[in-house]
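Lifted from TrEMBL, the feature list:
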- Glu187: active site, proton donor (ACT_SITE)
- Cys66, Cys157, Cys288: [4Fe-4S] cluster binding site (BINDING)
- His96, His185, Ser317, Ser318, Asn319, Ser379: isopentenyl diphosphate binding site (BINDING)
- His96, His185, Thr250, Ser317, Ser318, Asn319, Ser379: (2E)-4-hydroxy-3-methylbut-2-enyl diphosphate binding site (BINDING)
- His96, His185, Ser317, Ser318, Asn319, Ser379: dimethylallyl diphosphate binding site (BINDING)
Amino acid sequence: MDTKTFKRTLQHSENYNRKGFGHQAEVATQLQSEYQSSLIQEIRDRNYTLQRGDVTIRLAQAFGFCWGVERAVAMAYETRKHFPTERIWITNEIIHNPSVNQRMQEMQVGFIPVEAGKKDFSVVANNDVVILPAFGASVQEMQLLSEKGCKIVDTTCPWVSKVWNTVEKHKKGEYTSIIHGKYKHEETVATSSFAGKYLIVLNLQEAQYVADYILNGGNREEFLQKFVKACSAGFDPDKDLERVGIANQTTMLKGETEQIGKLFEHIMLQKYGPMELNKHFQSFNTICDATQERQDAMLELVQENVDLMIVIGGFNSSNTTQLQQISEERGLPSYHIDIVERIKSRDAIEHRQLNGELVTTKNWLPAGEIVVGVTSGASTPDKVVEDVIERIFALKATSPVL
Ligand code: SF4
């Protein structure tokens, strides 16, 4: 399929909207009351610090809702207002946050059901309204919805669209897109659907494996087995790695994406020399500002004297996981939670580890004076952060006196 032409045609169709419906002002008031927090505003105004009793909260200087997420949620609310009686669907969670997704359900916005790992679009009828989430949808899904005659409301973040344009450029120049991301993540699934040949690498270690193969060759079968779910159909490592371009899932660790880009640039330079480099390597800056700001703020926060970190965000939120990774790498006690209810008591907190396991840690809240670092992922409303901070204050206020 000519994905570029398809997308252009879709964007000119009368069934397609990516600009909203003119209800911004009403929706802004509603979002303010549902997701904003006066406590968080107060902490921001006090130089991101608040002390109550034994607890000092240190908030990261950048955290929470990014503008891409705010825009997507606002468009979903607008869609409901604009189509008060129509059936509305979302192809996936609008963003990776349980409380926002719960609100969508309360507003009678349905999620496309998933049967045995596959989305069942048979529930969607002609003239239904379908919202594409902030991290986008695959070109095949868009095509299917367009053929069904649905009204498509596209909330894909422009930063994600920028990555799609990048892989289109790779395809045009016959470069293989090396995508730094998670092959199962919806954004990467969508990005790879716009790519020609592609290979998805999770981290620097996998990138190094590919780089070694480019330079020295290796075991072809082992390579194909390793990337069986993370490459385009018919991928041939002996032919398809001669010309590569770099792309990324927008929420990966920015430093790692940069390192991966440098690694491939260096390898191509070594193999083909400076005069030929541009024929074999392409890189555009597609790291999202919001991800970068949140990661930079976290890197600053972990250098302060915090006793523990609380990282708040959906368990399937990639950018939240990256924040947790920064904290763990620093060796801090760090708890990734999605909702305040994970804090069971002063003595027990349920949290997600980097390996995805949900565990309960006992005696997580130290006695006496403590400094708690707090941050949240790009899809977490301030209201959730407020609930967590209030819970910590309340638990410490009832601590037995030592
Ligand atoms: S994290 Fe970046 S790419 Fe993702 S929705 Fe927010 S602004 Fe867009």
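Placement of Cβ uses the backbone N, Cα and C atoms for every residue, glycine included.
Among the recorded positions His96, His185, Glu187, Ser317, Ser379, no residue has its Cβ under 6 Å from any atom of ligand 1. Looking at His96, His185, the binding-site residues in this record, the fewest other C-beta atoms within 10 angstroms of the C-beta turn up around His185. Taking all protein chains in view, 28 other C-beta atoms sit within 10 angstroms of the C-beta of Glu187 (active site, proton donor). Under the DSSP three-state reduction, Asn319 (isopentenyl diphosphate binding site) is assigned to helix.
Non-local contacts of Cys157 ([4Fe-4S] cluster binding site) by the CB criterion (under 8 A, 6+ apart in sequence, same chain) comprise Gly68, Val69, Arg71, Ala72, Ala134, Phe135, Gly136, Thr250, Cys288.
Taking Cys66 ([4Fe-4S] cluster binding site) as the reference point, the binding-site residues whose C-alpha atoms are within 10 Å of its C-alpha, out of His96, His185, Ser317, Ser379, are Ser379. Pairwise Cα distances among His96, His185, Ser317, Ser318, Asn319, Ser379, the recorded isopentenyl diphosphate-binding residues, top out at 15 Å. Glu187 (active site, proton donor) carries a helical DSSP state (H, G or I).
For Ser318 (isopentenyl diphosphate binding site), applying a Cβ distance below 8 Å and a minimum sequence separation of six or more within one chain yields His96, Lys182, His185, Glu187, Gln249, Thr251, Met252.
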